[in-house]
Amino acid sequence: MIDSAEFQSVVELRRYTLHPGRRDELIELFEREFVESQEACGMRLFGLFRDPAEPDKFVWLRGFRDMGARRAALEAFYGGPVWGEHGPAANETMIDASDVLLLRPSGPGFPAPDGAADSVVLVTVCHPAGPVKEFSEHFADTVAPALREAGVETFGHFETEPAENTFSRLPVRENETVFVWFSKVTAEHRELLDRTGAELESRLERPWLQRQLTPTARSVLR
């Protein structure tokens, strides 16, 4: 079994815009051809998601041991036979694949698979008004404990990886600094999250962006 923890030094949060009505087509292809084949090249796939609010979005997460390993893994996969055979079909479903955040750890990472039933995974992207380190510390010391006490456990705290994207074939979002965190939520947590977001407004350049995601059949995070 792959040790997921060692693949969280560099994480990509990828959000694709697809041609209308083609998300399930991409997910079926992706889960059949691109899970084991990517992991065999030296990366780990953590999450594959639908966004119920946006039926033409596909969101997924993959991680690497470090930036050097990322470059080697991506060169091996995208230059290899599986992508060569099935990549064109995947690309045909996509309008845009450049909405990608390149991240590094800023706190607790993703939990080990526990066989949990499906849940809603909430991803929150924050643009700190000040240094991301200060925001991360405030979140860890104040926000996360308050959420935990109210029944929302946060995990997967990440911030922008400032290193150069050394695999230019796949662009990432540049010239912005973010703090990203994940949690599992239910409808009863909405008021709490709205209140937390309002309390953080003075520390953010803009309101945070939250997406409620539903795991696909082969998503590790669920």
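Placement of Cβ uses the backbone N, Cα and C atoms for every residue, glycine included.
TrEMBL entries are annotated by machine, without manual review.
These come from TrEMBL:
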- 11-105: domain 'NIPSNAP' (DOMAIN)
Here the mean pLDDT of the domain 'NIPSNAP' (11-105) is 98
Secondary structure of the domain 'NIPSNAP' (11-105) by DSSP, residue by residue, totals 39 helix, 35 strand, 21 coil
